[in-house]
Amino acid sequence: LSAADKGHVKAAWGKVGSHAAEYGAEALERMFLSFPTTKTYFPHFDLSHGSAQVKGHGAKVAAALTKAVDHLDDLPGALSDLSDLHAHKLRVDPVNFKLLSHSLLVTLASHLPGDFTPAVHASLDKFLANVSTVLTSKYR
């Protein structure tokens, strides 16, 4: 990420602020509705609208992204444990990270329309692609 990208990501995530868990849950719900095959990784979850389990996992997603934003210069170090978990224990198909990234971008665009400029969109897309790359790096 360029310095400008890092600035855009930090500024956008700063505006997310206290809504991070809410937006994380909304992005998950959006992903489940738009890409139903992603539900197969959550057979034990109540996937209905407003589910406590979806909200809880959305909070985990948001916390991981907050950690990533705080460690933009060392994403592999910051996300190593999550990479191990998703590659070795959960065995999530890597394409699902792209689907969640897309759902997150749509969610952020809907909540931050005035701030979601083309430059911010591009920077967030690069950031989420980097996060996805790190999370799938231990699959090899």
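Cβ from N, Cα, C; glycine included.
Bear in mind that the values here come from a model prediction, so they are computed numbers and not experimental data.
Going by Swiss-Prot, these are the annotated features:
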type	residues	note
BINDING	HIS57	O2 binding site
BINDING	HIS86	heme b binding site
DOMAIN	1-140	domain 'Globin'
MOD_RES	SER2	phosphoserine
MOD_RES	LYS6	N6-succinyllysine
MOD_RES	LYS10	N6-succinyllysine
MOD_RES	LYS15	N6-succinyllysine
MOD_RES	LYS15	N6-acetyllysine
MOD_RES	TYR23	phosphotyrosine
MOD_RES	SER34	phosphoserine
MOD_RES	LYS39	N6-succinyllysine
MOD_RES	SER48	phosphoserine
MOD_RES	SER101	phosphoserine
MOD_RES	THR107	phosphothreonine
MOD_RES	SER123	phosphoserine
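Annotated features, which come from Swiss-Prot, shown on the structure.
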residue	record	DSSP (3 states)
SER2	phosphoserine	coil
LYS10	N6-succinyllysine	helix
LYS15	N6-succinyllysine	helix
SER34	phosphoserine	helix
LYS39	N6-succinyllysine	helix
HIS57	O2 binding site	helix
HIS86	heme b binding site	helix
THR107	phosphothreonine	helix
SER123	phosphoserine	helix
Remark   = THR107 (phosphothreonine) sits from SER123 (phosphoserine) (Cα to Cα, rounded, in Å) at a distance of 15
Remark   = So THR107 (phosphothreonine), by the Cβ count within 10 Å over all chains shown, scores 23
Task = Give, as a single whole number between 0 and 100, the mean pLDDT over the domain 'Globin' (1-140).
result = 92
Key: Local backbone state of SER48 (phosphoserine), from DSSP in three classes   = coil
Ask   = Where the distance is taken from Cα to Cα, which of the modified residues TYR23, SER34, SER48, SER101 turns out closest to THR107 (phosphothreonine)?
value = TYR23
Message = Just to confirm: which same-chain residues, 6+ apart in sequence, have a Cβ under 8 Å from the Cβ of HIS57 (O2 binding site)?
response = GLY24, ALA25, LEU28, PHE42, PHE45
Inquiry  = Cα-Cα, whole number of Å: SER48 (phosphoserine) versus SER2 (phosphoserine)?
reply    = 39
Request  = Check the recorded positions LYS6, LYS10, LYS15, HIS86 for other C-beta atoms within 10 angstroms of each C-beta and report the one with the most.
outcome  = HIS86
Key: Protein Cβ atoms within 10 Å of LYS39 (N6-succinyllysine), excluding its own   = 13
